[in-house]
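Before any comments, here is the structure.
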Amino acid sequence: MNAHNPILPGPIAVFDLDGTLAETAGDLIGTLNVILAREGQAALPLDQARDLLGAGARALIQRGFAAAGASLTPERLEQLFQDFLTHYGEHLTDRSHLFPGVVEALDRLEAEGFRLAVCTNKVESHAVALLDALGIGDRFRTIVGKDTFAFSKPDPRHITATIERAGGDLSHAVMVGDSKADVAAAKAAGIPVVGVTFGYTPVPMRDLEPDAVIEHFDALAEAVARLVPRVVVKPAA
Ligand SMILES: O=C(O)COP(=O)(O)O
Ligand SMILES: [Mg+2]
C-alpha cells in the first residue's frame with residue numbers, strides 16, 4: 001500500500017540508463033569501433049573504452065577519436081554521429097542486458113509508492129527502444145533523452161524537467177546514476193543522488209561523493225528510504 005500522502009504526487013526515483021539500469025558498453029563501444037574501423041583506426045579495447053561513456057554518443061565519438069590519437073573535424077563528427085546512431089539503433093541489445101536485481105528493485109520502489117522515470121544522455125528514441133527490448137519500458141512515467149530538451153546532464157534542468165514531465169515533486173525525488181554527470185546534475189538540482197559502483201566512470205564513484213553508494217540493486221530501496229523524506233499525513237483534528 002502507498003504510505004504517502006495521496007494529495008501530494010508521491011515520491012519519484014529518476015534513473016540514468018547506460019551503466020545504471022543496463023550494461024550497454026558492449027554495443028556502444030562495439031558501434032564506436034565500427035566507426036573507428038571505417039576511418040582506418042584500430043579498435044579500442046572494451047575495458048579501456050567503457051569509461052568514455054556517460055555524455056552521449058557525440059561525446060563518445062570525440063573521446064574515442066582522441067583516445068585513438070586521431071583528429072576529427074566538426075563536419076566529420078556530425079556525419080559519424082549520424083552513422084553511429086544508424087548502426088547502434090540496429091544493435092541495441094546484441095550484447096546489452098539489465099544489471100542484476102533491477103526488476104526487483106523497481107518492483108519494490110513501485111510498491112512503496114514511487115513513480116519511476118529515466119533521464120539519460122542517450123537519444124530518446126534509442127532509450128525507449130532499448131528499455132522496451134529489455135522488458136521494462138512500460139515501468140517509467142517518462143523516458144527523457146539527450147535530445148528531448150535543449151539541455152542535458154550535467155545541466156540540472158535535465159533532471160528537474162524529467163521530474164516535472166513525470167508529474168513528480170522535487171522535494172521527494174532521488175536520482176540514481178553511475179557517472180560524474182549524474183552526480184553533478186542531481187547535486188545542482190538539489191536532489192539526493194545514489195551512485196552505483198558497477199557503471200562507467202574513470203573516477204571511482206565514492207570519490208564523486210554521492211549521498212549513498214550501492215554495489216548491487218538489492219541495496220537500492222534501503223538507500224532511497226534514507227534519502228527521500230516520507231510524507232507524513234496528519235490525522236484530521
Ligand atoms: O551512453 C552515454 O554516453 C550516456 O547515457 P547515460 O546518460 O544513460 O549514462
Ligand atoms: Mg550512465
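Here the Cβ of each residue, glycine as well, is placed from N, Cα and C on the backbone.
Just so you know, TrEMBL annotations never went through curation; they're auto-generated.
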TrEMBL Mg(2+) site partner of Asp16, Asp18, selected from Asp169, Asp178, Asp207: Asp178
Between Asp178 (Mg(2+) binding site) and Asp16 (active site, nucleophile), the C-alpha gap once rounded to whole angstrom: 7
Shell of the Mg(2+) site beyond Asp16, Asp18, Asp178, same chain only (C-beta within 8 angstroms of their C-beta centre): Leu17, Gly19, Thr20, Leu21, Leu53, Gly54, Thr120, Gly177, Ser179, Asp182, Val196, Gly199, Tyr200
Neighbourhood of Asp18 (Mg(2+) binding site) by C-beta distance under 8 A, where only residues 6 or more apart in the same chain count: Thr24, Ala25, Leu28, Leu53, Gly54, Thr120, Asn121, Lys122, Asp178, Gly199, Tyr200
